[in-house]
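Engineer: Pasting a structure below so you can have a look.
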Amino acid sequence: MEPSPALAWLLLLSLVADCLKAAQSRDFTVKDIIYLHPSTTPYPGGFKCFTCEKAADNYECNRWAPDIYCPRDTRYCYTQHTMEVTGNSISVTKRCVPLEECLSTGCRDSEHEGYKICTSCCEGNICNLPLPRNDTDATFATTSPINQTNGHPHCVSVIVSCLWVWLGLTL
C-alpha cells in the first residue's frame, strides 16, 4: 500500500504552521533575560534596565533595548506605560533613573480623553520586563530600604544612657 501524497502535504503544512506560531511570540521570558545577564559588571552594584523612548508596545521596547549598564548615579529601572482604556498600548518608555523619579508611581488618567498612564519603578538587574497596567502593577518595588543611614545617633545615646543607669544601679 502506497502512502498518500495528500496526507504527507497535510502533515507538512501542519508542521510549518506550528513553527510559525512559535516564531511569532511577542513577549520575553525570564529565560531570555538570563542570556542578557553577564557575569561581570563595570562597577560594584552595576545593573541594567530595559531602555526605550516612546516605543509602540512592550515587545518593541524590550526587543530593541540597548544592552548597556545604567549610569552610576541611577539606582532604579523606570517604566511609563500609556494605554487606551481597552488596555492597548500607545506608548512605552523605560530607562534608568535616580530615586527622585520613582516617588510618583501609580496610574492616572491622561489629559487626552480615554488614555491612562501607569508608572512603575523597580530595583534589580533588568527588573522592568513587564508593563504596569493598573494600580496593582504600578508600584515602586525595592530590594533594599530607601532611607539608609549610617547609624542612629539617638538610639546609640539611649543605649549608652541605659547602660550608665544600669551600671550606676549595680555599683
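Cβ coordinates come from backbone N, Cα and C, glycine included.
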Engineer: Name the cysteine that pairs with Cys77 in a disulphide bond per Swiss-Prot, restricting the answer to Cys49, Cys102, Cys107.
Structural biologist: Cys49
Engineer: Based on what Swiss-Prot records, which one of Cys118, Cys121, Cys122, Cys127 is disulphide-bonded to Cys102?
Structural biologist: Cys121
Engineer: Per Swiss-Prot, which of Cys52, Cys96, Cys107 is disulfide-bonded to Cys70?
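Structural biologist: Within the candidate set Cys52, Cys96, Cys107, Swiss-Prot assigns the bond with Cys70 to Cys96.
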Engineer: Quick one: which of Cys118, Cys122 does Swiss-Prot link to Cys127 by a disulfide?
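Structural biologist: Disulfide mapping in Swiss-Prot sends Cys127 to Cys122.
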Engineer: Can you give me the Cα-Cα distance between Cys121 (disulfide bond) and Cys96 (disulfide bond) in Å, rounded to a whole number?
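Structural biologist: Roughly 9 Å, rounded to the nearest whole number.
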Engineer: So, by DSSP, how many helix, strand and coil residues make up the domain 'UPAR/Ly6' (47-141)?
Structural biologist: 11 helix, 36 strand, 48 coil
Engineer: Given the disulfide-bonded residues Cys52, Cys61, Cys77, Cys127, state which is nearest to Cys107 (disulfide bond) when distance is taken between Cα atoms.
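Structural biologist: Checked the disulfide-bonded residues Cys52, Cys61, Cys77, Cys127; minimum Cα distance to Cys107 (disulfide bond) goes to Cys77.
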Engineer: Looking only at Cβ atoms, how many others are within 10 Å of the one on Cys127 (disulfide bond)?
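Structural biologist: Result for Cys127 (disulfide bond): 20 neighbouring Cβ atoms inside 10 Å.
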Engineer: Please give me the recorded positions out of Cys52, Cys61, Cys70, Cys77, Asn134 that lie within 10 Å of Cys122 (disulfide bond), comparing Cα atoms only.
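Structural biologist: For Cys122 (disulfide bond), the recorded positions whose Cα atoms are within 10 Å come to Cys77.
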Engineer: Excluding near sequence neighbours, so keeping only residues 6 or more apart in the same chain, what lies with its CB under 8 A of Cys96 (disulfide bond)?
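Structural biologist: Result: Cys49, Thr51, Cys70, Pro71, Thr74, Tyr76, Cys77, Tyr78.
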